[in-house]
């Protein structure tokens, strides 16, 4: 299993995913998601290895959002550049003809926020069964685990039973943490915190705890180096570890394991995945400016951005089945 760009591998909470396969009558709702591990800040920008088309995808998603980055992948280079030019005009908020790191950071934060709230809007109707514009724990439980709860005999002799049994209390714990008023009913904001806990301060402890539970395979309450590596790399062919895995082992020893006891506790996991001094949008904005700033004046003209258009938007002529007649100029 290879590492994808500068991101950690993403794992799914499997509750409803299994229900969709094993229980065709179950409601087609969406499961909760275990978010990507948050990486340490990248090394100095000048030390970055050259970008390739695959790693550009990270920049595309940060700059456009996941859905719109897929749509741009369908376009010809000329179409991509034309749409990118319109986006640049919007990012240049003061209209001075330059895009600064700060303007890019604001744009990236806006794109990320829009993605989160659009995601909640898409799944809201699947869970709000009584259409009262709130989602109770009972509604979520029935939408996600109803088939499992109503037909337990079908899961008794299956490893799927263990997965459902594990994920149900975990989702309930997260739901209660997001439910600030304790009424077991989520408003849109509370449900957003439930689906995207990493975006909310009061959910940070849940993010840390779930990360620990995901990686801690021996159940000792800590993450040792082998568990840390196994979360991102599988020795499927029993061959030698790639160089990047050896580098991650060094990262574990030098930067993750702060007290040098050979394992990560909750505080060290928090420092790893939720670094207080790291702003993802700021780092990505700095990266985009650094890679495109030909005259090194620390700001970008539209021409500099369009000259490096494939880093910002790309065009791979890949068919994702998107409706290309849709207007995405509102970005």
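Each residue, glycine too, has its Cβ placed from N, Cα and C.
Summarising the annotation, TrEMBL assigns compositional bias 'Basic and acidic residues' to 33-51.
According to TrEMBL, the domain 'EF-hand' annotation covers 79-114 (among others). Averaged across the domain 'EF-hand' (79-114), the predicted model reaches a pLDDT of 94.
Annotated domain 'EF-hand' per TrEMBL: 115-150 (among others), in sequence order.
According to TrEMBL, the feature domain 'EF-hand' maps to 166-201 (among others).
Positions annotated as domain 'EF-hand' by TrEMBL: 203-238 (among others).
Here TrEMBL flags 32-56 as region 'Disordered'.
Residues or ranges marked as signal peptide by TrEMBL: 1-29.
Helix, strand and coil content of the domain 'EF-hand' (166-201), in residues and according to DSSP, is 25 helix, 2 strand, 9 coil. When the domain 'EF-hand' (79-114) is classified with DSSP, helix, strand and coil residues number 27 helix, 1 strand, 8 coil.
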